[in-house]
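Q: Straight out of TrEMBL:
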- 24-48: compositional bias 'Low complexity' (COMPBIAS)
- 286-423: domain 'PROP1-like PPR' (DOMAIN)
- 19-81: region 'Disordered' (REGION)
- 198-232: repeat 'PPR' (REPEAT)
- 268-302: repeat 'PPR' (REPEAT)
- 303-337: repeat 'PPR' (REPEAT)
- 338-372: repeat 'PPR' (REPEAT)
- 373-407: repeat 'PPR' (REPEAT)
- 408-442: repeat 'PPR' (REPEAT)
- 715-749: repeat 'PPR' (REPEAT)
- 785-819: repeat 'PPR' (REPEAT)
- 820-854: repeat 'PPR' (REPEAT)
- 855-889: repeat 'PPR' (REPEAT)
- 890-924: repeat 'PPR' (REPEAT)
- 960-994: repeat 'PPR' (REPEAT)
Amino acid sequence: MDSLNLNFKSTFLTNIPLPIPLFPSHKPPSSAKPKTTIHSSSSSSSSSVTPDPWSLSDGNDPTKPKPRSKNSKNPLSDDNARRIIKARAQYLSQLRKNQGSRAQTPKWIKRTPEQMVKYLQDDRNGHLYGRHVVAAIKQVRALAVRGEGGYDMREVMASFVGKLSFREMCVVLKEQKGWRQARDFFSWMKLQLSYRPSVIVYTIVLRIYGQVGKIKMSEETFLEMLEAGCEPDEVACGTMICTYAKWGRHKAMLSFFSAVQERGIILTAAVFNFMLSSLQKKSLHGKVIEIWRQMVDKGVAPNHFTYTVVISSLVKEGLLEEAFRTFSEMKNFGFVPEEVTYSILINLSNKNGNREEALRLYEDMRSQKIVPSNYTCASLLALYYKNEDYSKALSLFSEMERKKIAADEVIYGLLIRIYGKLGLYEDAQKTFEETEQLGLLSDEKTYLAMAQVHLNSGNVEKAVKIIELMKSRNIWFSRFAYIVLLQCYVMKEDLNSAEVTFEALSKTGLPDSGSCNDLLNLYIRLGLMEKARDFIAQIRKDKVDFDEELYKTVLRVYCKEGMLRDTEQLVEEMGTDQSFKDNRFILTCFRAMHNQIEDDQLDKKVLAFDHPDTMAIELMLNLYLADENLMKTEEILKLLLQTAGGLSIVGQVINKFIREGDALKAETLTGLLIKLGCRLQGATVASLISLFAKQRKLKKAQEVFSAVADSSTCEKSIYNSMIDAYAKCGRPEEAYSLYKQVAEKGHDMNAVGISIVVNALTNIGKHREAENIICESLEGSSELDTVAYNTFIKAMLGAGKLHFASSIYDRMLSSGISPSIQTYNTMISVYGRGRKLDRAVEMFNTARSLGLCLDEKAYMNLISYYGKAGMRHEASQLFTKMLEEGIKPGMVSYNIMINVYATAGLYHEVNELFQAMQRDGCLPDSFTYLSVVRAYTESLKYSEAEETIDSMQKRGIPTSCAHFNLLLSAFAKAGQMGDAERVYKKLLTTGLYPDLACNRAMLRGYMDYGHVEEGINFFERISESVESDRFIMSAAVLLYKSAGMELKAEGLLDSMNSLGIPFLKDLEVGLKLKTS
């Protein structure tokens, strides 16, 4: 086919009959195009049309028409015939637009009487063609039902021979719909006497062949036209080019176009547009631009469509300035750009970071009242997201909804990211779900955007579920998907999954520095330093491209492990990396390691140490401390102290060591600073003392304190830390002693120190001393805060000084100190213990009215006092209210509420709560079962109570005497001493030793129901092991007397008198028998 095209071009250029010159003598159509002068009604009082300038001349100089004459005209050449036809059409068009009272009608459109007769005979009154032409068209069209070779065109058209003029035959040919009928009719047409070769008829045939893709036949027809001596004009050539363009024969099209250009034929804008559009569809943007430039050079005026296509191709080829220049030219010529043109330019500006230009284009588009597409909106949303202008992004999305612009998955993905950045995690989740409901969820980017939102919110499990959902739907896993999944497992601290994911990521190519940094940080967090070292060696071997963060993390591992040689090698490597040439972190490391180097070739920038990096200093100090190189550590400190703010940086490093719990390094640096005559800030010293206190290293804390205690600038924070250290290390007396020493020196302790001392004294039961400090603080000038007042109130509650605790609360309010929820909790206990339940309820309601977030403790504190007061209905209502507020009860809360019901014998309610607490994941403990046993015994359900105790034992929950005593007491009160004795024996078999309450219950049962002999035997059995008790001994005396054993009774009474135990006179044997 290519060889055919080459031959075709060669023929087009050379096979021209000699009588027709290669280049006609007249000017090209673009320069010879006549100009029609039109005077509008607004500029003239009457419409005028230039008289007909065309005559049937040869058309060589149409601007100078010959005058009319009666002589016959020379025959027209084909090229001039087409010019005259077009010019007449334009003239008539202008004439119709300027119809008026004085409009002129050219003589050549008037009919002679003979012409009128012919017109009527042809029945063309109101019709486009004559009857015989219409018949011919129908006759030829009807052949479409016959196959190839099924008819002879000569026979079919025999009746029309000599009846059709050349023009009428052209009409018949033009009206054909089938290429076969057109081919056969054209062959018949050429046999007629009225036929003469013309570019017009060949153009008609070319167009018909081109419409159905008969390219070879088109080429043959075009060659035939040349051989017939017809000079191809811009229409014929344009038709041929459009055929090539339509059917994707771009190589042939460009070859033919080149031939056309060499012949000097100027194509129309429509043909150029067809070429440009066809080339652009095949992404041949370079060719589009090439054709466009030739079009401009030839002076062909582009239209709206031309600009739209060309701007798109310029953008695709990266010719940005030319694209914007062409866009401006388009607007200057009065063309309104389409939405797609605005869209691609906005997207281009966005990618190039030209925010102002993108927004200007968008505003220009809005001023033209062009509704943006979802692609344009996506570009703008991406721009707003990139510039963190989230309010405008959400405003644009609202505008989309108002204008009913359908959002696609890209837009929903951007919205998810924006909501995530704003912390609106629920809105992001709703948007993701909406995307899925609309059936738009198909791109991994949307899944990963939602996963990253979950990661940012700390919800790792949901992030992993999103990625697993994506995997289950067979959505392709990109490299970025593995990176996000690795972040999930790192945050989750799932080492095995993280390593597997990293291995999968490595298979897609060299891992990125961020992923390496994530996995390395995981190893560090888990304390797997050996794995961290091996991992570093592997990624350095693989030549992973390190960024600054990865360098820092690797250096942190080396410094922490004391790997001096590796550190030096890495720092050298970092120093030679040109991308980190002016990096302050790397310069600081290099300077710290090369303090003693005197090399003239060393970069002066490296020696600069005016603004050292804190993290770099920390790592270098960490390195030499781990290497136990105190000399080098001291050198770095000296170097650092010579700079402005150096001491502050060292303080930050020491604080970092303290936060990490590395007391040795912090202490070493502190000692070196003291040696160098420097004094750290009080907060740093206080933090170091607190660290030693936390590690129970009181002696170390005392040493640090002693080094600064004699200073006149010793801060209160240091005293507070030392007092706290004494308290935490179990030396409250020394904490109190230090407090008094500070007070004697005239220093006023702040609220923190006072609170620590009061709390320490309260914990060891020295309530009087605590009270004295509280009184001194309230009477003195100390500025107390909420925590201090809470400590005072709690201390006095513990001391039983309820009135004083209440007065402290009143003082707190009068001083303008706002109570906290802890304050109200403590005051509820103060009033509850003082049996002022109404005031306790008042405290609870006050806290609620102030908008404080009432916690579980506040609710259960008041509920417990309701229970103790027997107000179980109020307790139940408050518990229900707590559940409605969304507060989930814990073990203690369930136990308190169960006990409230149990005391009242409401075993149904107890069972319900017992089941509820297990559903909530709270396993019943010994206290829970004690309440359940109490509920059954109070409601006389003795067998259920005993089954509950057995159930405890089966579940491995330890029983106590209290559990058995409830059942013993119940049996004894009911007079069922046989059952009581059985339970007593069961208690002994469990390995428990009966306490005083159990023995009292048994002896009371014997005495109340007159079981004298059994009672005496029981007393004599326990008398050796039980401690002296007033009730037991008094009951035994009465039992002895009832049995007539006066001597034993007298002996027991003497023993009681000698022990100073008074006899209970209100006891009576058989009291319950008499009552019954």
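Cβ atoms here come from the backbone N, Cα and C positions, even for glycine.
Just so it is clear, the model here is predicted, and its values are computed rather than measured.
For the listed features, I'd like the structural context: burial, neighbours, distances.
A: Here the repeat 'PPR' (198-232) is broken down by DSSP into helix, strand and coil counts: 26 helix, 0 strand, 9 coil.
A mean pLDDT of 87 is what the model gives for the repeat 'PPR' (268-302).
Remote same-chain partners of the repeat 'PPR' (303-337), defined as residues 6 or more beyond its termini with a Cβ less than 8 Å from a stretch Cβ, comprise 269, 272-273, 276-277, 280, 283, 285-286, 288-289, 292, 295, 344-345, 348, 352, 368.
Below 8 angstroms of C-beta separation, residues 339-340, 342-343, 346-347, 350, 355, 358-359, 362, 365, 414-415, 417-418, 421-422 of the same chain, each at least six residues beyond the ends of the repeat 'PPR' (373-407), sit close to that stretch.
Per-class residue totals from DSSP over the repeat 'PPR' (785-819), listed helix then strand then coil: 27 helix, 0 strand, 8 coil.
Within the same chain, residues 786, 789-790, 793-794, 797, 802, 805-806, 809, 812, 861-862, 864-866, 868-869, 871, 885, 887 sit at least 6 positions outside the repeat 'PPR' (820-854) and bring their C-beta atoms closer than 8 Å to a C-beta of that stretch.
Long-range contacts of the repeat 'PPR' (855-889) within the same chain: residues 821, 824-825, 828-829, 832, 835, 837, 840-841, 844, 847, 896-897, 899-901, 903-904, 906, 909, 917, 920, 922, each at least 6 residues beyond the stretch ends and with a Cβ under 8 Å from a Cβ of the stretch.
Residues 926, 929-930, 933-934, 937, 940, 942, 945-946, 949, 952-953, 1001-1002, 1004-1006, 1008-1009, 1011, 1014, 1022, 1072 of the same chain sit 6 or more residues outside the repeat 'PPR' (960-994) yet have a Cβ under 8 Å from a Cβ within it.
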Q: Kindly report the helix/strand/coil residue split of the repeat 'PPR' (820-854) according to DSSP, in that order.
A: 26 helix, 0 strand, 9 coil
Q: Counting each residue once, how many in the repeat 'PPR' (373-407) are helix, strand and coil under DSSP?
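A: Each residue of the repeat 'PPR' (373-407) counted once, the result is 26 helix, 0 strand, 9 coil.
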Q: Can you work out which residues elsewhere in the same chain, 6+ from the ends of the repeat 'PPR' (785-819), have a Cβ less than 8 Å from its Cβ atoms?
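A: Long-range Cβ neighbours of the repeat 'PPR' (785-819): 751-752, 754-755, 758-759, 761-762, 767, 770-771, 774, 777-778, 826-827, 829-831, 833-834, 847.
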Q: Using DSSP, how many residues of the repeat 'PPR' (715-749) fall into helix, strand and coil, respectively?
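A: Split by secondary structure, the repeat 'PPR' (715-749) comes out as 26 helix, 0 strand, 9 coil.
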